[in-house]
Amino acid sequence: MLELRFIRENLDLVQERCNRRGMSDELITSFTEIDQKRLSTLAEVESLKNKRNVASKEIAELKRGTDEQKLEAEPLILEMRQIGDKIKILDTSLNQIQEDLDKVVMAIPNLCQDDVPVGNSDEENIELRVWGKKPEFTFTPKAHYELGEEADTIDFERAAKISGARFAILKGFASRLDRALTNFMLDLHTQKHGYTEVLPPFLVNSASLTATGQLPKFKEDLFAIKDWDLYLIPTAEVPVTNIHRDETIAEQDLPIKYTAFTPCFRSEAGSHGRDTRGLVRQHQFNKVELVKFTTPERSTDELESLLGDAEEVLQLLGLHYRVVKLCTGDLGFSSSKTYDIEVWLPGQQKYREISSCSNFLDFQARRGGIRYRPEGQKKSKLVHTLNGSGLAVGRTLLAVMENYQQEDGSITIPEVLKPYFENRF
């Protein structure tokens, strides 16, 4: 979230950046009204408390005086009781006003950086570069779901029987390919890119989701555990970022770089009718996540290196892709700047997002109380957090299937994955 004082002192800037995202003036107008109400109520409470303090001293003096002076204290005592009752009422009102203000502040998105293009939808994202070439086929390439169903390696029908729509069962080759991709990604990120592998919980509490920005705004996208303050994770970003919630990190320990493989669970609210076939949009999917904690001075460079780490996965797999910079209308709530990597899918004749790499600046750190202590200084500062997919395993799997398909429906294994397919028993 943004700092309360910053919002108050930079209302025009905050409003302008919200407008860039396609938001109306309503949220910031509401903030101004509630904040002014809070300040006026607070001023009234302070005035009454000062009046009570002055009167209390006067009453104490009168009580030490003559009988006549003691009688003069009685109406003052009565008045102070009335003031005390009014202060209690105003304090209750102030607590409610503060709650209302906190809700508004939590609903204000991160400020997009200056170089983020202004636009309304993903159609206005900016293509920055492409890597590799689209594969050429002597036959009409099929979509992954056709390949999987024909080879009996992906079963959507039985998955629907077990769990409903937007689930899949991987079998045989597809299941092994999924595992090979996961191990390849983790090996690359830990052995070459310098990340520490972690295996976090797959259930998180509301405080964790609030810190990373999923709550309260995106509650409908989450799977909640009834009667528990627990939710299935929508991404490993949530538990991994919260490893250092309410902690102060020594500057010499930064940057901290984590990678984690987890299943992810999303309700896909608002996606009715979109990508109903295949593995592109599932309620449950696997992902390798990359998370960084760094200093403000380093976060810009760390975003570029994070993007490079994700890109190398596709480069080693020999998959054609492009990098796009998200426009303001497509930017995530907590992000200040995001690059998407979109892989080419010949069976669908389109690019599909396979990774989002984002810099959150201190937005998540403020919500989660994640700080660092600069070397030689007593006062701590907020860290900057970043994360990205390295990569979404299911989408990488379908990209390999579609790009490496043969005319007979078989799939050629990319060279870099062959060691993971060697039989050991």
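Cβ coordinates are placed from backbone N, Cα and C, and glycine is handled just like the others.
The L-serine binding site annotation in Swiss-Prot covers Thr235, Ala236, Glu237, Glu289, Ser389, and the record cites sequence analysis as its basis. Look at Swiss-Prot and you will find Arg266, Ser267, Glu268, Glu353, Ile354, Ser355, Ser356 tagged as ATP binding site, backed by sequence analysis.
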Entries of Arg266, Ser267, Glu353, Ser356 which, being binding-site residues, have CA atoms within 10 angstroms of Thr235 (L-serine binding site): Arg266
DSSP three-state assignment (helix, strand or coil) for Glu268 (ATP binding site): coil
Those binding-site residues of Ala236, Glu237, Glu289, Ser389 having Cα within 10 angstroms of Ile354 (ATP binding site): Ser389
Residues flanking the L-serine site, with Cβ no more than 8 Å from the Cβ centroid of Thr235, Ala236, Glu237, Glu289, Ser389 and excluding those residues themselves: Val238, Val240, Ala260, Thr262, Cys264, Lys287, Val288, Leu290, Val291, Asn387, Gly388
Euclidean distance between Cα atoms of Glu268 (ATP binding site) and Glu289 (L-serine binding site), Å: 19
Nearest-integer angstrom distance between the alpha carbons (Cα) of Glu237 (L-serine binding site) and Ser267 (ATP binding site): 17
Listed in sequence order, residues with CB under 8 A of Arg266 (ATP binding site) and six or more positions away: Asp221, Leu222, Phe223, Pro234, His283
Which of Thr235, Ser356, Ser389, the listed binding-site residues, has fewest other Cβ atoms within 10 Å: Ser356
